[in-house]
Amino acid sequence: MKTKLIVVAGPTAVGKTALGIELAERFNGEIISGDSQQVYRQLNIGTAKATPEEQAAAVHHLIDVRDVDESYSAYDFVTEAQAAITDIVSRGKLPIIVGGTGLYLQSLLEGYHLGGQVDQNQVLAYRSELEQLSDQQLFEKIDSLGIEIKEINRRRAIRALELYRFSDNLENTETCYEPFIIGLDDERSLIYDRINTRVDKMVELGLLEEAKWLYDNFSEAQSARGIGYKELFPYFSGEQTLDEALEKLKQNTRRFAKRQLTWFRNRMTVSFYQISSPEYPENVIQDLAIFLNEEEGEK
């Protein structure tokens with residue numbers, strides 16, 4: 001029998017953390033972070049990490065598991081998430097994965113072994129084709145496909161496109177999970193308004209100080225490449241004004257949200273819910289109760 005689990009996915013700033021905690025309280029669950037940036041200790045504001053109060057309301061896994069100068073990959077996530085799921089289920093609780101890193105979630109749920117065998121001649125031919133494209137053409141291709149990459153540079157863009165193109169040929173082991181994937185969504189303009197408001201709130205909470213510490217000490221680390229930090233570095237170096245840097249941060253976050261939605265719509269089987277609907281989140285809870293074969297709110 002496959003292990004049932006819940007996934008709360010969607011773009012940034014739609015309330016995934018709040019819903020995850022509510023579901024954990026209602027369905028006797030524990031949360032596994034599915035966010036590539038929240039693994040880093042000391043990076044709390046820019047990653048929109050669950051606050052100490054929120055973490056006290058529900059047990060969280062895969063938060064604060066790496067130092068800021070360490071790397072983290074989809075393989076690391078799958079390995080550690082599988083261990084967390086086994087632990088949670090062994091204690092009679094429900095695993096609830098909350099996050100917006102589509103590649104991580106897909107790799108876990110669909111059983112892809114990222115090191116699987118692919119016809120290398122096909123890969124090389126496709127790579128040669130990509131090498132003929134300009135940087136702008138590569139980045140436009142990345143954006144149109146909704147692919148998430150940590151850093152916008154040519155090498156990473158080509159590698160990401162190769163993975164996207166040949167993912168169906170990777171070794172696909174039978175997954176042992178039966179997920180119910182909740183996708184949170186809203187009108188695009190409302191999501192963008194929430195993003196802009198959240199960036200302003202992050203600044204009030206100390207984002208500039210957090211980003212400056214990262215800039216001064218670990219500017220070349222993988223953790224520093226995430227949206228929320230790198231946009232502020234030109235301000236610290238004197239290349240941009242604060243207003244220019246913050247506008248760039250908001251713009252990049254909005255674009256990232258668009259890519260996240262594209263990924264979840266095109267690459268995963270998701271049940272979407274409009275967060276501005278009067279029926280939200282009651283409709284989510286009702287659907288989960290049916291999925292879990294239990295009466296609403298009981299465990």
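Along the chain as shown, residues are numbered 1 onward.
Here the Cβ of each residue, glycine as well, is placed from N, Cα and C on the backbone.
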Between 35-38, 99-102, 251-254, I'd like to know which one Swiss-Prot lists as region 'Interaction with substrate tRNA'.
35-38
Around the Cβ of Gly15 (ATP binding site), how many other Cβ atoms lie within 10 Å? Please give the count over every shown protein chain.
16
If one measures from the C-alpha of Thr17 (ATP binding site) to the C-alpha of Thr101 (site 'Interaction with substrate tRNA'), what distance in angstrom results, rounded to a whole number?
14
Spatial separation of Thr101 (site 'Interaction with substrate tRNA') from Gly10 (ATP binding site) - C-alpha basis, Å:
9
According to DSSP, does Arg127 (site 'Interaction with substrate tRNA') fall in a helix, a strand, or coil?
helix
Euclidean distance between Cα atoms of Ala13 (ATP binding site) and Thr101 (site 'Interaction with substrate tRNA'), Å:
13
Distance check, please: Cα of Thr12 (ATP binding site) against Cα of Arg127 (site 'Interaction with substrate tRNA'), rounded to an integer number of angstrom.
31
